[in-house]
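Peer 1: Questions regarding the structure given below will be posed in turn.
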Amino acid sequence: MSCAAMVLLCAAVTESGIALWKGIMAGNRGHSAVKDGKAVAISSYEDLGREALGSFGESLVFVIVVLYFTGICASFADLIAGVMDNLFRDVMTMHQWMLVISPGMVALALLPNITAVARFVPVAVGCIVIFVLIMIIKSIMDGQLWEAWQDLDETKLHKLWPDSPMAMGTVVATLFGAFGVNGNVPSVLCEMEEPLDFPFAFRAAMMIVLCIYAAVMCSGYYGYGQFMQSDIILNMESFPANQAQALNTPYDQWTGPKATILGVICNSLLLVKLIVGFPLNIQVIFYSFQTWRYSKDYVPLGSWANKAMRVGTVVILVLLMLSVSEFNKLFALVCSVFGPMLQCFLPLFLSYVIRKKTGARMSGGGRRVVHAVIAVFGIFSLTIGFYMAVSDIING
């Protein structure tokens, strides 16, 4: 069921991204602003909001983008603390690790731009590729272990359907975050030499991402099924001796095969990716404050006010981390609300308004039906996804 939801969410975000492209192309026609010899009016998500709804639209997008990326950065930082806790177990508690990494977060936040960090992006990509390959191979290998269990009952180990439709709430919300790329469409599009090539390139990229996610999800669930931990690296480190132990015994009491060194390798690879990814994401918040019409004059780059804004953002992230100390729960909560808004609702609505204003070609009846279905997914995440995410946090 989760795989089906993943395919549908990928299709929904892809269609919304194409709608976004249509709105940007329509809005850019007739504008006199020039960049690299091309007429460009819309180069950011905020520009798109302003083009559609004026200053209100720009402010609306600004608020949603800042809140979304604040949650994402808090999730990143929470995951960094979790990785440190896994690498140095019993040295400190998770909350203590959160405080320890805070100075490093401040240092990364005070970087004036992402130029220095961007040099390490290929390294981060290489680390995550190796991590994914290890995870897929280890999951498949571990699947052979449970097949040898004497008390095996595969109907309890793997389930085709969730116990309740409500259980899909956090899954859908998390998938909105996993496929959350539409916020980057305007900036990427304005850098393309041939913007008309965007639909093909975008669909191809989303298809590749879908295949990678599907491989990870299917192999992981095959290997660990209903005893999969919130951090799959834990499953890769330790395996239960039988099904009764897998489903009824706490993880730290499993007595099956161990692979501690593999956990160290995977956590180290993940840490590199997170350290590189954190400043790339938090810079989106800073850029929004530095370009929004109502704040740019107060926090110019290099000023003390700008530095205070950056440090204040990190303080807010730390408070969020201390309030919700589990990455999966915090990520699901943020994505349940702002994922549908940024990835589907705003692209479809703003594109519609811009095309209507400029007299561009509108979507046909069939496509509008598809957009209505996309809206249903978004509403499901905003309601059921949000409710389940909050319930998970409250219930611990």
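Glycine residues also receive a Cβ, built from the backbone N, Cα and C atoms like all the rest.
Because the structure is a prediction, the values reported are computed rather than measured.
Among the features that TrEMBL reports, domain 'Amino acid transporter transmembrane' is placed at 42-390. According to TrEMBL, the feature transmembrane segment maps to 60-84, 96-114, 120-137, 200-224, 261-287, 308-324, 330-349, 369-390.
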Peer 1: Would you kindly check 60-84, 120-137, 261-287, 330-349, 369-390 and say which stretch has the most C-beta pairs under 8 angstroms to the transmembrane segment (308-324)?
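Peer 2: Checked against 60-84, 120-137, 261-287, 330-349, 369-390; highest Cβ contact count belongs to 60-84.
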Peer 1: Considering only Cβ pairs within less than 8 angstroms, which of the stretches 60-84, 96-114, 261-287, 330-349, 369-390 has the most against the transmembrane segment (120-137)?
Peer 2: 261-287
Peer 1: Against the transmembrane segment (369-390), which of these stretches has the most C-beta pairs under 8 Å: 60-84, 261-287, 330-349?
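Peer 2: Comparing 60-84, 261-287, 330-349 against the transmembrane segment (369-390), the winner is 330-349.
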